[in-house]
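Just below is one structure, and these are the notes that go with it.
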Amino acid sequence: MNIDQTKIPQATAKRLPLYYRFLENLQASGKQRVSSSELSEAVKVDSATIRRDFSYFGALGKKGYGYNVNYLLTFFRKTLDQDEVTNVTLIGVGNLGTAFLHYNFSKNNSTKIDMAFDVDVNKVGTEIGNVPIYHLDDLEKILDPNVSVAILTVPSSVAQKVADRLVACGIKGILNFTPARLSVPKNVRVHHIDLSVELQSLIYFLKHYPI
Ligand code: ATP
C-alpha cells in the first residue's frame with residue numbers, strides 16, 4: 001500500500017477524517033466490509049464521489065462485496081498519521097477555548113491539546129482538563145518545537161499578532177476560530193472556522209433553499 005499522498009486531491013483529503021471516524025465505528029461493531037452506498041448514507045457523500053476518492057488509494061471495491069474495512073482503516077491510519085500522537089497548542093482560554101480543553105478530542109486518541117496560553121493572570125498557572133495554562137509572554141520559551149498545530153480562540157483584535165508569534169515559533173497549521181482573516185506566509189496553512197457565519201449560513205439555506 002505505497003501511495004503517493006501528494007496525488008490525493010485536497011477535496012478527497014478533507015473527507016478522509018470523516019470516512020475514518022465512520023469506519024472505526026464499523027470495525028468496533030465487528031463489521032468487516034462496507035458498501036459505498038452504506039458509507040454514502042452514513043457520511044452524506046454521494047457514492048460516486050466515495051468510489052472516486054477510494055480509487056486514489058488503491059481501494060477498489062468488489063461488486064457484491066464492497067470494501068474491506070480493515071484495509072481502509074490501515075490506509076487511513078497511515079495517511080492521517082493516526083499511529084502518531086499530534087500535540088496541539090491552544091491560545092485563548094475563554095469560553096470556546098475552555099470547551100476545547102474539556103473536550104480535548106477524547107474520541108480521537110491521536111490528537112491532543114497538551115498546553116494552552118492566555119494573558120489572564122487568573123487563568124495562568126491553572127489546569128483545565130489536565131492541560132496546563134501558561135502566560136502568552138512565555139510562548140517562545142515554553143512551546144515545544146515539535147508542536148506544529150495551534151488552535152486560536154483569542155479575541156479577533158489580537159488574532160493577527162498572536163498568529164505572527166506562532167508562525168515565528170514554527171507553527172505550520174492554525175485552526176482559526178476568530179472572525180479575523182489571518183495573513184501568514186505561504187508555508188503556513190490556516191483553516192478558518194467562524195461558528196457564527198456557519199450558523200447564519202445554515203439558517204439562510206433552511207429559509208431559502210428548503211429541502
Ligand atoms: P471569557 O468569558 O473568558 O472572557 P470569551 O471567549 O468571551 O471568554 P474573549 O474576549 O473572546 O473571551 O477571549 C478569549 C480568551 O482569550 C480569554 O481567556 C482572554 O483572556 C484571552 N486573551 C485575550 N487576549 C489574549 C492574547 N493576546 N493572547 C492570549 N490570550 C488572550
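Any Cβ shown, glycine's included, is placed from N, Cα and C.
TrEMBL lists 18-57 with the feature DNA-binding region. Annotated domain 'CoA-binding' per TrEMBL: 81-181, in sequence order. For GLY92, VAL93, GLY94, ASN95, LEU96, GLY97, the entry in TrEMBL reads NAD(+) binding site.
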(message) Using a 10 Å cut-off on CB atoms, tell me which of the binding-site residues GLY92, GLY94, GLY97 is the least crowded.
(response) GLY94
(request) Determine the Cβ neighbour count for ASN95 (NAD(+) binding site): the number of other Cβ atoms within 10 Å of its Cβ. (result) 8
(message) Say we define neighbours as other CB atoms within 10 Å of the CB. Which of the binding-site residues VAL93, LEU96 has the fewest?
(response) LEU96
(request) Taking the recorded NAD(+) site as GLY92, VAL93, GLY94, ASN95, LEU96, GLY97, identify the other residues of that chain whose CB atom sits within 8 Å of the mean position of the site's CB atoms, giving them in sequence order. (result) THR98, ALA99, PHE100, ASP118, THR153, VAL154
(message) Restricting to the DNA-binding region (18-57), what is the model's mean pLDDT?
(response) 88
